[in-house]
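Feature list (source: TrEMBL):
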TRANSMEM  B:6-29  transmembrane segment
TRANSMEM  B:41-58  transmembrane segment
TRANSMEM  B:139-163  transmembrane segment
TRANSMEM  B:191-210  transmembrane segment
TRANSMEM  B:230-250  transmembrane segment
TRANSMEM  B:257-280  transmembrane segment
TRANSMEM  B:388-407  transmembrane segment
TRANSMEM  B:414-435  transmembrane segment
TRANSMEM  B:458-478  transmembrane segment
TRANSMEM  B:508-527  transmembrane segment
TRANSMEM  B:547-568  transmembrane segment
TRANSMEM  B:580-600  transmembrane segment
Amino acid sequence: MATLEVEGLTKSFGGVRAVQGVTFAVEPGEMLALIGPNGAGKSTCFNMLNGQLRPDAGRVRLMGRDITGIAPRQVWRLGVGRTFQITATFGSMTVLENVQMALLSHHRRLGQLWRPVARMDAAPARALLDRLGMADQAARPCGILAYGDLKRVELAIALANEPKLLLMDEPTAGMAPQERVSLMALTADIARESGIAVLFTEHDMDVVFSHADRILVLDRGRLIAEGEPAVVRADPKVREVYLGSGAVTGAH
Amino acid sequence: MENLVLQALSGLASASSLFLVASGLTVIFGVSRVVNFAHGSLYMLGAYLAWTLVTTLPRGHLGFWGGVIGAALLVGLIGLLVEVLLLRRIYRAPELFQLLATFGVVLIVQDLALMTWGAQDLLGPRAPGLRGSVEIVGLRFPLYELFLIGVGPVVLALLWLLFHRTRWGTLVRAATQDREMVGALGVNQRMLFTSVFFLGSLLAGLGGALQLPRESVNLHMDLSIITEAFVVVVVGGLGSLSGAALAALLIGELHAFGILIVPKITLVLVFLVMALVLVVRPHGLLGKPEAAARGGQGSAEPVIGPAPPALRWLALAALAVAVVLPPFLGDYAVSVLTELAIFVLFAASLHLIMGPGGMASFGHAAYFGLGAYGAALAAQWLGAPMLAGLALAPLMAGIFGLVFGYFCVRLSGVYAAMLTLAFAQIAWSVAFQWVEVTGGDNGILGVWPDAWAAPKLVYYYLALALCLGATLFLRRVVHAPFGYALRAQRDSTLRAEAIGIDAFRIRWLGFALAAAAAGIAGGLFAYGKGSVFPTYMGIPRSVDALLMVLLGGVQTLSGPIIGALAFTGLQEQLVRLTDLWRLILGCIIVLLVLFFPQGLAGAARARWEARHGDA
């Protein structure tokens, strides 16, 4: 069974049809990239998947269960991790505490009034940070972290509830080229290892074509192409959309 | 029927005056985002200066109208001075610090006005040419009121022209919508802000000056008008001029007819309307949601670490003194210490909302008062023993915290703060006007501790134990998952929701917990004083709590504790030593805001960290 099935997803803002009848599915362990020029509807699409936006029409199913329009925090409880285009972490907490919060929430221990956080779920949080190569930053405040490191923290947070699906909005935006490749390689490893389905949007075509198993191309709210990287690369409609940017060839 | 027409007309006249003041406040807020508590003081100064000018200048049209206009201009200049000397330096400080600074100005102006014009009410002359009255539907109506009815719309029209037909006005509107963008476009923001303050203050001064023929000039004008003006501005929508006009109309007429229809709840009516409007429309009648600040992580609060060893030793030493010393002190000193302990808990409870919660409460005294009344009512009507009363206090405050908080924590920023104020005022006026049960203004007397706790010293130790216990419990909460969840939703609601945290629920429960803790403080205060009064829930006490927390600093719990001790101690001493305690306290507040924008504890911590080199 596919981890995520999306069927006929549609959303308009006023007169603008941001997303129209988008249908696709993601399999466990698969890295699926959602690409398209600016304003194609990628972020809108994303925000409908985890409940931040309610679609006008269409269905979203997670492991066969209809999750259309339910609140982000409930979507998370069902096993969907999320990283944001502009990172969102708790700036007044350390890296470790940020991950601990996700774990504590996962274990439903946030109502506790007495035991100090310092001693709760610290070991698994450290293990997660270790997995992402952030162990040495554990004690630093998130508020002063470099942007690339914040992206890694977000990934650690997103992995805390043992998700079945990861939604990553521009996971490598703002990172150095070297960092991008290593972060995405790591993500792909983790996804394959744990059978996590990963859906990500991305502007960097190097990242997309070297790490995605499959690619969806959105243009003006519609899916115009779908398939393995080589197929998408050769698609004349995709070339037309990206004409002049040269991005699809991967050349800079 | 005829009476109703006259009532409606006098409602219009009040609405007009109210609009003058509120329009200045809303324009200032729209551009600078400063919640200017001193706006009422400017209004009062307008009235006093008009009195001086009108009584000094030769009588007649020129003397009167020249005096009124002159007073308005002078007040405009005073506002300009306040902006340049004080507010300009703290635009980057948190909103509440600006509020604190303007409150310092309120205190300073009160004593300066007292020194200049004395404590007695001053009566001004009536307006030349507008002394008589006209006959409307067979009844007489004062000409001056009719004139006032005209002033409001004229000022509104002039402001509209100013904002829509001049370049300056366009800039003001642009800045109201998006201040950062206007700055990025290379507009001289300093000039813009200063000129907006001049205009806003001038309007406040004009509003005050025009009251001269209507009512006596006195030292209470500032606070009475500022609450009303805040209500108008918030009901209308912060920054919205037409909203202020609409709300002024609504509130003015509500006052006029409220007295006729339901005289019992006149005091509460206005706040009920405000609460209702905010529950239905979270940004006021015509307000828009504030543009989200950019650069998300820029203003992150510092990480809370373990307390520095020096602080721990200091706390232990203070505790040792608090335990060992009192038997050697007199009754008076012991009751002062009892109050200190109570206010430490009161401030600590507010801190939970303001610090980790990231919300502002202008009405925290409500829960202090509800705790006090809970205990007193139990003693009065049920003959409950002291311990039962003390148990009931947090229960009562906590339940109301749940009810009021349910509405308050849905809103954000100033709107949330104003809704807490509205609920506090509602609680206050119920205590004030429900005489049969609460004794009204006379309060409930004879709320004494049980015999075993009657000696001052025993009661002190009881209060110390309970306050210390509750404060330490709050400290545990801040370091426990619940406190972290509070901070999580404050830091990033987006992320909090994305990891399954129900931000509303966490804020709501946090609010109620803080209310219950304040209730303990209130209950102890009631038995300590032997009586309760509506003033326990009044605005001044809420402001006291705010001052304690902000003086100390909101970052860590040591802040409100130090703030409570400093503020209560300082006020106590100043009141005993000098008549000018408001002036001195106001100056101290202003200086603290200018030089210790992180509060006393924050500044101490920063110094300690700088010296020990771990930033």
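Using N, Cα and C of the backbone, Cβ positions are placed for all residues, glycine too.
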Maximum Cβ pairs under 8 Å to the transmembrane segment (B:458-478) - stretch from the list B:414-435, B:508-527, B:547-568: B:508-527
Touch test for the transmembrane segment (B:139-163) and the transmembrane segment (B:230-250), at least 3 Cβ pairs under 8 Å: yes
Surrounding residues of the transmembrane segment (B:580-600) on its own chain - C-beta under 8 Å, 6+ positions past either end: 86, 89-90, 93, 97, 100-101, 103-112, 115, 547, 550-555, 559, 562-563, 566, 570-571, 574, 606
Stretch in B:6-29, B:191-210, B:257-280, B:414-435 most in contact with the transmembrane segment (B:230-250), if contact is a CB pair under 8 A: B:6-29
